[in-house]
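Enquirer: Got a structure for you, questions after.
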Ligand code: PBE
């Protein structure tokens, strides 16, 4: 039967929650610190503060600079190891946004920040990507990126360890054939977001897409309980894809384990042969540095999904359209 390393995922999520709590604690400290500073400075700066208030009132449209103050010049990021975090750091340099910082948290904490902002129509800027359920849940837009720091459309590639083809030809064939669309992945993500168990959501998608799955498994022999180890990162997109392909392999007779890791350890595990495969490499840009480090020691089976995208994402109700507007 399927051997899910759920404890690993649970641990990953509590780390994410702790990280989120940590962030709050930090914010509270900062808030407290600022209050004290404000109180001390209040008498002297009273006139200046009023002038600033008037300025803000006179501005009909919020500018990037106003949002900067509202947001404490902070963009809400995800896990520090994600490729989108380095791209976002690059964006700060390229667009001359020296005042801004990117806070590291997790996919879960980032979507929580979005939810909190939408409750009160407050501004928020996050590192975001598609496919992701947040675009079905909230009215969001990518900020234009005229310098192309986040690249064009990305493909998500499947990588397997060396020798997988000779050791496990059946799994290799399925992984090589595996290809689906943004909408396919999105359907599973939305079901999970709406409260469905991850495995159940993947099963529901497989049942509704038997023809496509049959194309991947066409002519592939069944196996008898062979163990196959998949690795992934607990990004919502990869939770969806990895659960889905794990079930397809399980239906073929494999005993499947799924281990959530940080991005660099996911690549390393497949390169070292400790894990058999992953379906979570975003190229040509997001995981470029990881492919550079580990790509030679593993096999790229090509894109399993085309047309993914990453960037800075904000609510539609915000009055900015480009990363340049944050200057
Ligand atoms: N992501 C989702 C990943 C790849 C998949 C965009 C958060 C990253 O930035 O590394």
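The backbone N, Cα and C atoms fix where each Cβ goes, and this holds for glycine too.
What you are looking at is a predicted structure, and each value in this text was computed from that prediction instead of being measured.
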Enquirer: If you look at how TrEMBL annotates this chain, which of 29-67, 68-106 comes out as region 'Disordered'?
Expert: 29-67
Enquirer: Between 0 and 100, where does the mean pLDDT of the domain 'ABC-type glycine betaine transport system substrate-binding' (63-207) sit?
Expert: 97
